[in-house]
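**Student:** Before anything else, here's the structure in question.
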């Protein structure tokens, strides 16, 4: 019975619900903008990772190397683009 | 008649009207020719519906050569206008339209499809695959590119050309300063072609990662395949930025949003930022496959294996990462502080290091090689010194403090032509000459080929070296004229002569194709250059299924080993081969996209909505379609193989 029960997926689902509830707290509780954004960003990234790994089976085939390399590279490009743009357009702009 | 007024050209001239007539007559001539020779069925069955990567590659190639002609004519007009001070050949508006078109056509509709042509034709053969991973998606990529390119090309006779430069910076490109539909054409035509390119990126990454012949590990892939893999990786991560930026620009122009406006919270310089977040990786998308082509050609004709295979691979991977870290060097003067500029200065200079590694690897490959100076090799040998000049001036431009002097001058124009012409165009012409026998079953004439290479090189030097000088003296780019007292006149005349010589070079290339079609021997082997990689292991012409048996790989240069060391490439018996079916859907979808883009450009909403629905219907039909492809039987393979072996 044990091997038939998808424990990982069920736990993932519960965890994903918890993350959603935490994100919803930003709406219901009276938080500062910074605190709210921090909570949203952190829960969003964990949620995305959870979906990719648990429900989209990123690490379960022999292509895991290629898939993870692509995900990390995409993350790198996204972060560089966002922070680079902030640097050019706002922080470093005189 | 009010409805049709919008299609009128806002700034006409007799030349444009003449072009209109010429385009009409050409279309009529093509239709008449196809009907007279009864070629409609052939065109539809063999080309418009094909999903064969080799045929798609050839269609890309033809488009690229046509666009090279179009962009070249634009270039000649620009140089002719600047040849003498205060010339009256073109007025300011036409000059603006022509340089904008020249840039977009040359980068997106000439260089990109040229790369795609070689990638499509060569990569599946090099890795021993039967086709790409998603053949029908590949056809769709081509038709989206083609329709995007055609939409862009009709702009100058219907509604007016874009005139805000190939970079199309806001607020100049906004409705306030660019009133004609020209910039709408820019936004939407590039969007359509860009989606095609993005699909190609996904397709080729999957193909290279999943469909290599048994035994070909990543570090045993030929260099062109490696460079394609890296270039497609960059495509997948860079093109979405362009897609988003173009969508925002389109909304600003057509729906009154305020992303790039100067008021209401818009940020006009964000366009420049996003454009170059895509734009800088884009130049590496162009140059890396070109480097791959050079690597193949240099090791073939130096008769040596490529020096420093691993360092070649690592340098490309490093370039792929760096290419996303340098974009702000395109706008050092836009107002960032010294710290920001310094960061991007240093990353930019750092990217010269892996590029230098590659240059030295080619030189070491040549060292003690038995060099055979064929046309492709001549291009490669001309490339190394000429490209290095471009690289060195690039490092000059990378210094942000000094860039205040060079910015937006002819110095910059000279620099990027200096890397793109010897880097990309020479590579593509070298690749064209090198793979021509595999594509068409005969070789291009060597003598005429060398004439082309020399004419292009000499013309290139004459055309662009003077720009370094006038640029440092302060001649701004995109200025349609200058006064005699500036002293730029003689140098610009030299430039014009250089451009004219390059045009002659192109004419010799075209004549070469004509001459070789008529006179070249059809009796050539399937490996006429005595090359080293797998694409030469199959027959010429390449059968539909590429390889009758899947090749067995155990080294970087398996085909060379098979020729010299007795490695057995093809083992076992023939088995039936599974191939994809042809489909008219990609072409039809491309046509719908064309109508969609045209309606969008002019803001004609009803057809726009209908064509949008049409696109979704096409995708839905594909989802529910049951198409399992077809099998080629063993008898058929044996028949084809015997025939092709006999021919060689």
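Quick reminder: no glycine exception, Cβ is built from N, Cα and C everywhere.
Checked TrEMBL, it gives:
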- B:15-37: transmembrane segment (TRANSMEM)
- B:38-554: domain 'Cytochrome oxidase subunit I profile' (DOMAIN)
- B:58-78: transmembrane segment (TRANSMEM)
- B:98-125: transmembrane segment (TRANSMEM)
- B:137-158: transmembrane segment (TRANSMEM)
- B:185-209: transmembrane segment (TRANSMEM)
- B:229-249: transmembrane segment (TRANSMEM)
- B:269-291: transmembrane segment (TRANSMEM)
- B:312-331: transmembrane segment (TRANSMEM)
- B:343-364: transmembrane segment (TRANSMEM)
- B:376-399: transmembrane segment (TRANSMEM)
- B:419-436: transmembrane segment (TRANSMEM)
- B:489-514: transmembrane segment (TRANSMEM)
**Student:** What same-chain residues lie close to the transmembrane segment (B:15-37): Cβ under 8 Å, and 6 or more beyond its ends?
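**Tutor:** Apart from its flanks, the transmembrane segment (B:15-37) reaches 9, 43, 154, 156-157.
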**Student:** Does the transmembrane segment (B:489-514) come close to the transmembrane segment (B:312-331), meaning at least 3 CB pairs under 8 Å for residues 6 or more apart?
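**Tutor:** No, these stretches are not in contact.
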**Student:** Please work out the mean pLDDT for the residues of the domain 'Cytochrome oxidase subunit I profile' (B:38-554).
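**Tutor:** Taking every residue of the domain 'Cytochrome oxidase subunit I profile' (B:38-554) together, the mean pLDDT is 94.
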